[in-house]
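Quick notes on the structure that follows.
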Amino acid sequence: MERINDSVLTEFVLVGLSAHPKLQTVFFVLVLWMYVIILLGNGVLISVIIYDFHLHTPMYFFLCNLSFLDICYTSSSVPLILDSLLTLRRKVSFPGCMVQMFLSFAMGATECVLLGVMALDRYVAICYPLRYSAIMTKGVYVPMAAGSWVTGLVDSMIQTSLAIQLPFCTNNVIHHFVCEILAVLKLACADISINVISMAGSNLIVLVIPLLVILISYIFIVATILRIPSNEGKRKAFSTCSAHLTVVIIFYGTIFFMYAKPKAKTSTGTDNQDIIEALISLFYGVMTPMLNPLIYSLRNKDVKAAVKNMLSRKNF
């Protein structure tokens, strides 16, 4: 690939599913419908948690952060996805691409850390129920949530600033729906070793460490639940963390499937792989935020009761 001489790259071209126009229409309707569900579902969940004082606990405070995070995450990428599905080759300016990449990466990194924080909350609730209110005070859980946001924003700022400094080639075509950082780095005309090392450090901090926290927390949680003598007690204890565990499995399962699969060697295989990666990323970016409020509302009696209570008061 040639490096651009005497000029600066001013725009990228998002390909998405431009080679499959029929699929574009189908996915446009599907993504738009999912985005509406995300806004409504997470919006209602946030409103219910704020409205019902019974839900003013650390667990629901973290859940409220997760719902707001999902709205921010999808809003940073879905409008661009919808636009790219309407046009054959969607052009996006270099600054616009970097801003979108920064926001998406920040929200994704924050969610990883927040899920680890929520696992710690469930660990304290199950393993130390009598001391839970004394341990998880407002002075503890608010900084924990704030720390998740700061970690994600700082991490994204580092990765984006390193990407901005790279020179890019005449090939400015991104085989993706959005400005995904790995897809953008593939277009660089310089050595990206620093970016790779930085991304590895980022993965360790926002992916591996939170996942280890989740795994260790649930080992202790399961061990504690198994020591409960009654089946009813075991069921109640598990029900308090089953929704979080379901979200973790979907979230991390999609990430590892996306990055751990083998790479294609042929050009045809590479093209097909780019499409598959884009679709998996679409699932990760849209499906998971849509499922989160459904999982937490359908599997949580407190949330369902709060929704019914809010609706009944409005009817009166």
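Each residue, glycine too, has its Cβ placed from N, Cα and C.
TrEMBL lists transmembrane segment for one of the ranges 121-139, 140-158, namely 140-158.
Record note: among 179-198, 279-298, 279-298 is the stretch given as transmembrane segment by TrEMBL. Residues 27, 31, 34-35, 37-38, 41-42, 44-45, 63, 66-67, 70-71, 73-74, 77-78, 81, 104, 176-178, 180, 243, 246-247, 250-251, 254-255, 257-258, 304, 307 of the same chain sit 6 or more residues outside the transmembrane segment (279-298) yet have a Cβ under 8 Å from a Cβ within it. This prediction places the mean pLDDT of the domain 'G-protein coupled receptors family 1 profile' (41-296) at 85.
A Cβ distance under 8 Å defines the sequence-distant neighbours of the transmembrane segment (60-82), meaning residues of its chain 6+ beyond its ends; these are 14, 16, 28, 31-32, 35, 38-39, 42-43, 45-46, 49-50, 90, 92, 100, 103-104, 107-108, 110-111, 114-115, 117-118, 121, 141-142, 144-145, 148-149, 177-179, 247, 282, 285-286, 288-289, 292-293, 296, 302.
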